[in-house]
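Peer 1: I grabbed these lines from TrEMBL:
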- 167-190: transmembrane segment (TRANSMEM)
- 281-306: transmembrane segment (TRANSMEM)
- 312-336: transmembrane segment (TRANSMEM)
- 348-373: transmembrane segment (TRANSMEM)
- 379-401: transmembrane segment (TRANSMEM)
- 439-458: transmembrane segment (TRANSMEM)
- 470-496: transmembrane segment (TRANSMEM)
- 508-528: transmembrane segment (TRANSMEM)
- 540-568: transmembrane segment (TRANSMEM)
Amino acid sequence: MARGGGWHVSAVCTAIGVRSDASDHKYKIGDAVPLYANKVGPFHNPSETYRYFDLPFCSPGDVKDKSEALGEVLNGDRLVDKEGKTDPSEYKYYLFKHLHFEIFYNKDRVIEINARTDPNALVDLTEDKEVDVDFMYSAKWKETNIVFEKRMEKYSHSSSLPRHLEIHWFSIINSCVTVLLLTGFLATILMRVLKNDFVKYAHDEEAADDQEETGWKYIHGDVFRFPKHKSLFSAALGSGTQLFTLYAHDEEAADDQEETGWKYIHGDVFRFPKHKSLFSAALGSGTQLFTLATFIFLLALVGVFYPYNRGALFTALVVIYALTSGIAGYTAASFYCQLEGTNWVRNLLLTGGLFCGPLFLTFCFLNTVAIAYHATAALPFGTIVVIFLIWALVTSPLLVLGGIAGKNSKAEFQAPCRTTKYPREIPPLPWYRGTLPQMAMAGFLPFSAIYIELYYIFASVWGHRIYTIYSILFIVFIILLIVTAFITVALTYFQLAAEDHEWWWRSFLCGGSTGLFIYGYCLYYYYARSDMSGFMQTSFFFGYMACVCYAFFLMLGAVGFRAALFFVRHIYRSIKCE
């Protein structure tokens with residue numbers, strides 16, 4: 001029995017006198033089964049949560065906090081095991097003083113607990129006065145055949161209902177059809193144009209070879225025999241020299257007009273980009289984030305992120321990001337050295353701060369906001385120290401080791417064509433061939449393949465839906481990568497065909513532009529599909545989604561550039577470059 005006020009999720013035990021341990025979820029007959037009160041907050045503001053006893057409940061005695069893992073703390077969970085009461089106001093308030101627990105068990109494992117209140121056991125709290133309440137509870141144990149490992153399947157089935165699966169599969173089919181049609185259309189045009197280019201250039205080269213392969217050697221005894229009508233020939237030679245001098249400029253202009261297309265910039269297409277250190281750092285960070293996403297999907301597909309496994313995703317993100325930092329260091333330093341960069345230490349520092357820097361600044365601002373609101377989203381000092389130690393003792397050393405390995409790899413950049421000493425002038429181009437219009441075109445197609453699935457992800461992360469269909473999400477991710485790679489290749493070809501050889505940064509920006517579309521969807525979701533409000537929730541939503549979209553920008557930018565580099569090397573390897 002307990003004396004005090006109201007309850008939210010109170011901590012009670014089903015038996016007294018036997019010490020229990022919830023760490024392994026195993027109990028014997030007579031063991032106490034603890035229940036904990038977690039964070040509370042506005043239903044539509046999932047980030048604005050508070051400790052249970054920070055609300056105006058009665059002041060409890062000693063509150064015992066449950067020890068939590070890193071991911072649970074990052075998720076804002078704060079479990080306590082004490083009761084409290086509600087604060088009366090001008091409205092009618094009632095307190096349920098009797099709870100009934102229905103506990104399902106399988107051998108020595110607790111599988112499920114349902115709690116309900118007794119509507120006949122009410123205490124009126126409308127009047128502003130102290131009330132002594134005797135809390136009571138009852139428990140009923142029921143045996144079930146559900147094994148402990150499958151206790152969460154009931155929540156997974158809610159996402160697998162036919163009406164939900166139909167929407168997901170419709171999204172997949174719609175994306176696949178759209179992608180196949182547009183990709184096939186672009187592939188047909190691209191291959192036809194490339195084929196015509198190859199035939200044209202091969203014909204020109206064969207004609208030049210045919211002109212060279214003549215029997216000039218065998219007429220050396222007659223080649224200098226004087227012509228007939230020497231006077232007429234000399235007069236014609238003088239007139240021809242005059243006409244040649246008159247029209248020489250026009251002839252040169254005509255020759256310049258004939259030399260057009262992507263072949264004629266072979267001496268500039270592999271000219272290294274500007275800001276090589278920043279480009280290499282972005283490529284390394286994007287490669288690391290791609291590896292991180294791949295590992296997260298693998299863990300999801302094997303069932304690690306089951307519903308209500310608090311903090312598992314955040315723990316996996318922190319640990320895997322720390323362990324994959326060596327990939328970022330190796331990729332950035334190796335590519336930077338291939339681009340003939342010399343200051344590889346600065347490049348390594350830039351790689352380490354390119355994503356972590358904006359993330360750290362965003363965290364500092366949002367954590368300050370959460371502290372001002374006294375919300376559980378504010379990380380405790382001990383957790384911040386743990387994250388700093390992970391960064392200092394794991395992330396940074398692996399980044400440096402990867403950078404040293406990349407520097408010592410001594411790989412050379414594989415360019416099929418020799419780069420000329422002086423860059424070729426880029427001709428004037430129409431406005432729609434600029435960087436921003438090209439990014440808009442490049443980002444729209446991949447975004448159209450994933451936008452339906454984005455709603456379910458947002459409703460799960462920023463709402464209370466449960467998302468468990470990771471196989472469909474993985475298919476959507478594969479489609480996103482394929483479309484991003486292909487649309488970047490197509491736009492790169494059209495850029496080279498217009499004799500614009502500065503394709504390095506353009507391919508990265510076009511590939512990553514889908515991240516900008518996702519952030520645009522954030523605006524739509526916030527104002528049209530959610531009921532979030534308040535400064536804290538708004539800042540958390542747009543702040544952390546900016547970091548997520550920035551990560552997508554780097555990851556898809558790296559994918560787009562790798563695809564474009566493979567394509568450019570392939571087409572220039574297929575022709576003769578003098």
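Cβ atoms are placed via backbone N, Cα and C, with glycine included.
Distances, neighbours, how buried they are, the whole picture for these features please.
Peer 2: Long-range Cβ contacts of the transmembrane segment (281-306) within its own chain (Cβ-Cβ under 8 Å, at least 6 residues beyond either end) map to 152, 155-156, 312-313, 316-317, 320-321, 324-325, 327-333, 335-336, 347, 350-351, 354-355, 468, 470-471, 473-474, 477, 508, 512, 551, 554-559, 561.
Remote same-chain residues near the transmembrane segment (348-373) are listed as 48, 277-278, 280-282, 284-285, 289, 325, 328-329, 332-333, 379, 391, 395-396, 399-400, 403, 535-536, 539-540, 543-544, 546-547, 550-551, 554 (criterion: CB distance under 8 Å, separation of at least six residues from the stretch ends).
Within the chain, the transmembrane segment (379-401) has long-range Cβ neighbours (under 8 A, six or more residues past its boundaries) at 70, 73-74, 318-319, 321-323, 325-326, 328-329, 348, 351-352, 356, 367.
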Peer 1: Counting only residues 6+ away from its ends, which parts of the chain sit with a Cβ under 8 Å from the transmembrane segment (508-528)?
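Peer 2: Same-chain contacts beyond the flanks: 279, 282-283, 286, 435, 438-440, 442-444, 446-447, 451, 454-455, 458, 462, 480, 484-485, 487-488, 491-492, 538, 541-542, 545-546, 548-561, 563-564.
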